[in-house]
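Asker: Dumping what TrEMBL says about this protein:
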DOMAIN    A:22-215  domain 'MacB-like periplasmic core'
DOMAIN    A:285-415  domain 'ABC3 transporter permease C-terminal'
TRANSMEM  A:21-45  transmembrane segment
TRANSMEM  A:275-300  transmembrane segment
TRANSMEM  A:336-364  transmembrane segment
TRANSMEM  A:384-405  transmembrane segment
Ligand SMILES: Nc1ncnc2c1ncn2[C@@H]1O[C@H](COP(=O)(O)OP(=O)(O)OP(=O)(O)O)[C@@H](O)[C@H]1O
Ligand SMILES: [Mg+2]
């Protein structure tokens, strides 16, 4: 029998018992959709937590903790295998004040190597990188930190600077936390570039980025104002290494640890989290499979009834020369068809449910918490990746075929003579 | 064409543990020639149907050999037997045994579908046979919309569709009135003449038996040749 004729044959049978087959498909659909939606919550929450963990850092980032990071050490780190960049951001660990056209602010100064920064994420929105002394780049939200000390707006909020930034000059002063007065000396700085906005829109970058050329001046002011000053206390190093890709984060970290560095990378934590979620998702899929198994009882029933009902027809088929194998295949195809249609509808349905859940649940949760600002609640409850669709389809169609197996075997065992003897 | 040697079969009857062996066929030996119409007559319960079932491969005999065109069909397994039937046998049953869910056309087409014949060729052959048995008008009807005679013509057409050399008929006119019976018997005879098909007809009706070239009588588990008959 040709495959096309086999399909026709199966479809003809299904059409004859529409309601029964429909109910069976419905059960299969519900079981499979239950599995997909249930497991999708595992995927959704994992994704949300992962996003949360990675929101402030790159996944290839490795923090290096070390008291004294001198230039040769940094250079040494850059030479290591699989290291894309080493960014050494040095911040000034004392009180700082900026001033510009009557506005004042407390933005802090970061001394960094723009060459290394550019290899990772740092980019300019406007302007250029510093080339001369006293030139700096400011963060995208720098102006928000400049406040007019004398005025308040209609709502009683401080008035912030909203004029031009590029090419403007501002003063940078600093002093000790324990003194009221700042040091007399001012460093005039010119804004030559504005950094790109951080990828997360709730992060406001108000920093001042300068290169190493500013350091001698700062140190000199510090020393001249503070008796028995330790210059090493002035700058605080924050060294971050970046592996060239995710797979190498581990090896780079391990190598660093072996050489006595104290390092931290998120990949260990992600690995632990992934294991946890793998177990969770497997558990959810297992529970969902039970729903499919329950639905399979329906398929078993339907197919058993179909075989019983068609005993005489099967007998005639065998009498005129249909092989037992063909009979078995026709019935297996019928149960597989139920499984396939049920799975297909379930997939479509699950995407719909998942979409609606992601739309409605944040609103419900927010109102339950009495929170008005929905924007800050960026939680994904349900994600259906193709792997989940594949797993669910395989489980569902396999279960459908297994439950159709016995009825199909039964059909092949039908005795021709007995079947032909049945009354019409 | 069909050679049978020492064919025996018995059934187990009764409750399990207390069952009894009832011999139905006791060492039959006979042969059927190509192009013959042979009828097998006998009292009810004499084992006629059982013999046909064994010849057709629905049932395995306890002992004995069946050879058809020098092929030993009595040793076939279920799958081989089905394959052989599809290619070499046609069947006509007393209660027609049509598929209720298929139209007249589809019923006749079914054996060709099982053989994997292409749709175009199938359609052509079915139309040919519909014409032969005079059912072109009702080809899209379902079996339960037809008279008994018409249904039997459908089953004859279905038996003919694969051009089998042998057709087995178990009480082919058992459910028909005498006029319709005559129509069907004439059809069988003309098919035998025009196509050289060998017919094995089981009946308990003498008028049916007499249309055959040769009559065998089943009696007490044995088969006795009842001489030639030339009704027409
Ligand atoms: N499956 C079976 N199990 C037990 N006994 C059987 C079975 N099939 C047939 N028999 C017995 O075998 C004998 C022959 O049956 P068979 O159907 O061959 O008779 P028949 O000659 O065709 O009768 P009829 O003319 O009524 O159709 C009967 O006694 C019957 O009871
Ligand atoms: Mg009989």
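Here the Cβ of each residue, glycine as well, is placed from N, Cα and C on the backbone.
Curation does not apply to TrEMBL; its annotations are automatic.
A description of the local structural setting of each listed feature is requested, covering burial, neighbours and distances.
Answerer: For the domain 'MacB-like periplasmic core' (A:22-215), the predicted model reports an average pLDDT of 87.
Outside the transmembrane segment (A:384-405), and at least 6 residues removed from its termini, the chain residues within Cβ reach (under 8 Å) are 28, 31-32, 35-36, 39-40, 43, 285, 288-289, 292-293, 295-297, 299-300, 303, 331-332, 334-336, 338-340, 342-343, 346-347, 350-351, 354.
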Asker: What is the three-state DSSP composition of the domain 'ABC3 transporter permease C-terminal' (A:285-415), stated as helix, strand and coil residue counts?
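Answerer: Helix, strand and coil residues of the domain 'ABC3 transporter permease C-terminal' (A:285-415) number 109 helix, 0 strand, 22 coil.
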